[in-house]
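Database features (Swiss-Prot):
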{"type": "TRANSMEM", "residues": "17-37", "note": "transmembrane segment"}
{"type": "BINDING", "residues": "HIS61, HIS378", "note": "Fe(II)-heme a binding site"}
{"type": "TRANSMEM", "residues": "63-83", "note": "transmembrane segment"}
{"type": "TRANSMEM", "residues": "102-122", "note": "transmembrane segment"}
{"type": "TRANSMEM", "residues": "145-165", "note": "transmembrane segment"}
{"type": "TRANSMEM", "residues": "183-203", "note": "transmembrane segment"}
{"type": "TRANSMEM", "residues": "234-254", "note": "transmembrane segment"}
{"type": "BINDING", "residues": "TYR244", "note": "O2 binding site"}
{"type": "TRANSMEM", "residues": "268-288", "note": "transmembrane segment"}
{"type": "TRANSMEM", "residues": "305-325", "note": "transmembrane segment"}
{"type": "TRANSMEM", "residues": "338-358", "note": "transmembrane segment"}
{"type": "BINDING", "residues": "HIS368, ASP369", "note": "Mg(2+) binding site"}
{"type": "TRANSMEM", "residues": "380-400", "note": "transmembrane segment"}
{"type": "TRANSMEM", "residues": "414-434", "note": "transmembrane segment"}
{"type": "TRANSMEM", "residues": "456-476", "note": "transmembrane segment"}
Amino acid sequence: MQLSRWFFSTNHKDIGTLYLIFGAWAGMAGTAMSVIIRTELAQPGSLLQDDQIYNVIVTAHALVMIFFMVMPIMIGGFGNWLIPLMIGAPDMAFPRMNNMSFWLIPPSFLLLLASAGVESGAGTGWTIYPPLSSGLAHAGGSVDLAIFSLHLAGASSILASINFITTVINMRTPGISFDRLPLFVWSVFVTAFLLLLSLPVLAGAITMLLTDRNVNTTFFDPAGGGDPILFQHLFWFFGHPEVYILILPGFGMISHVIAHYAGKSEPFGYLGMVYAIVSIGILGFLVWAHHMFTVGMDVDTRAYFTAATMIIAVPTGIKVFSWMATLQGSNLRWDTPLLWALGFVFLFTIGGLTGVILANSSIDVILHDTYYVVAHFHYVLSMGAVFAIFAGFTHWFPLFSGVGLHPLWGNIHFTLMFIGVNLTFFPQHFLGLAGMPRRYSDYPDAYTLWNTVSSIGSTISLIATLVFLFILWEAFTSQRTALQPEFSTSSLEWQYSSFPPSHHTFDEIPSTVYLIK
């Protein structure tokens with residue numbers, strides 16, 4: 001019974017739980033890799049003896065965190081659990097395809113670990129640029145295994161996207177029109193379109209790389225009339241929407257959490273928030289070459305990508321100010337999820353500001369491939385996506401599990417994590433401005449101080465992760481009954497009779513009525 005329940009599940013709650021558990025495990029693997037990176041960089045001199053090994057760990061860290069931690073948790077975990085509940089659907093549109101979406105992920109993860117384990121590993125960076133990833137510079141099977149891993153993860157995401165799009169369009173209960181869709185549902189809906197449009201481009205790029213490596217095509221080899229810059233265009237046409245895929249569901253979760261703990265029935269400027277989500281989704285496809293300001297583009301091309309990149313700051317700013325306005329005039333309940341959400345807004349804004357700086361192509365030429373860029377994207381990921389995940393997790397955990405988290409330990413976890421990530425990544429701005437390049441395992445002595453500070457910060461984050469595991473253990477062993485939250489009338493997912501809602505949510509389809517205030 002248990003075997004068939006978890007292996008052959010067609011239930012959105014069980015599949016969501018599988019995604020959450022898998023994402024937590026992958027997150028621990030990715031965190032372990034990041035600690036290895038920071039240990040190597042804690043002092044000058046070599047620890048791992050070899051830049052190839054170092055770059056293999058950097059590559060695996062990035063791919064694990066993106067494809068096996070953030071996306072499975074945000075889209076697979078929260079998306080599966082909450083979207084059917086929020087729109088009053090009995091389940092997802094294609095329950096068996098939903099199951100396949102999940103079970104493509106563990107084999108993909110194993111292939112990625114295999115790529116690091118065979119030969120000398122794939123030390124290409126997560127971007128897998130040729131000619132470094134070519135058959136010449138990376139002989140052996142490592143890069144091929146990484147390519148197959150990405151194919152499986154991509155197939156999984158495409159299937160999941162089809163499922164979410166169909167579910168949201170066709171399975172809303174009467175009364176939930178598109179202009180009343182909860183913001184988290186909107187964000188995953190837009191994210192699904194981004195995945196559906198960008199992943200096939202990545203699949204094409206890495207398939208061409210695969211044939212370049214194995215069957216003597218020359219898509220990316222100038223000797224046969226190819227161009228390595230083509231790969232960069234194809235990769236970043238996927239890669240830039242991908243970073244919005246990683247953050248948009250987080251935006252949706254933060255909107256729910258802030259409105260909830262501010263005691264508001266909805267976030268400030270709901271319709272503007274929806275348009276902002278959609279605008280970010282569209283603009284995300286029009287700015288990819290800002291990752292390539294140093295490859296020798298025309299000045300007018302650079303001018304366009306600079307301007308277009310800055311325009312993305314407008315809908316993002318609308319969202320940040322709407323979150324601030326939601327807090328205005330409210331009697332806040334200072335529960336752990338609100339702390340994570342406020343931390344998100346503050347730190348994501350800092351990450352966004354460094355993004356506006358990097359959008360200037362003239363400045364980016366200097367800062368490209370320095371730790372300034374590392375600091376920028378870790379502020380929006382390590383403190384954006386991850387804080388959003390913890391905000392959502394601490395907020396909805398009683399709904400998922402039926403038990404309550406310990407409030408004091410939750411606040412301790414937040415405090416440790418907040419100190420840890422800021423201590424890790426803020427000094428990296430200084431390193432970048434001082435010219436320290438990325439993807440090297442060693443550095444001149446002049447950079448020692450801030451690298452040591454950064455590595456101390458990563459140790460604090462590691463301790464915070466262990467505290468989180470303790471919090472989970474404590475919650476399940478103490479079995480505190482989860483109560484219906486006070487201000488829950490605005491969100492359909494809290495309206496069901498028990499926590500967690502029964503295996504099959506409904507006996508019959510609900511109908512929602514909105515009171516005109």
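Just so you know, the numbers here start at 1 and follow the chain as drawn.
Keep in mind that glycine also has a Cβ here, set from the backbone N, Cα and C atoms.
Just so it is clear, the model here is predicted, and its values are computed rather than measured.
Three or more CB pairs closer than 8 A are found between the transmembrane segment (17-37) and the transmembrane segment (102-122), so contact between the two stretches is assigned (pairs 6 or more residues apart). For the residue listed as 'O2 binding site', the nearest neighbour among the binding-site residues HIS61, HIS368, ASP369, HIS378, judged by Cα separation, is HIS378.
Same-chain residues lying 6 or more positions outside the transmembrane segment (338-358) and placing a CB less than 8 Å from one of its CB atoms are 247, 250, 254, 257-258, 261, 290, 309-310, 313, 316, 320, 323-324, 332, 364, 367, 372-373, 375-380, 383-384, 387-388, 390-391, 394, 411, 414, 418, 421-422, 429. Counting Cβ pairs under 8 Å to the transmembrane segment (234-254), the stretch among 102-122, 305-325, 380-400, 414-434 with the most such contacts is 380-400. Using the rule of three or more Cβ pairs under 8 Å, pairs at least 6 apart in sequence, the transmembrane segment (380-400) is not in contact with the transmembrane segment (268-288). Rounded to the nearest whole angstrom, the C-alpha distance between HIS378 (Fe(II)-heme a binding site) and ASP369 (Mg(2+) binding site) is 14.
Non-local neighbours of the transmembrane segment (456-476) in the same chain are 28, 31, 34-35, 38, 42, 390, 397, 401, 403-406, 409-410, 412-413, 416-417, 419-425, 427; each lies 6+ residues outside the stretch with a CB under 8 Å from one of its CB atoms. Taking the Cβ of HIS368 (Mg(2+) binding site) as centre and 10 Å as the limit, one finds 19 other Cβ atoms among all the protein chains shown.
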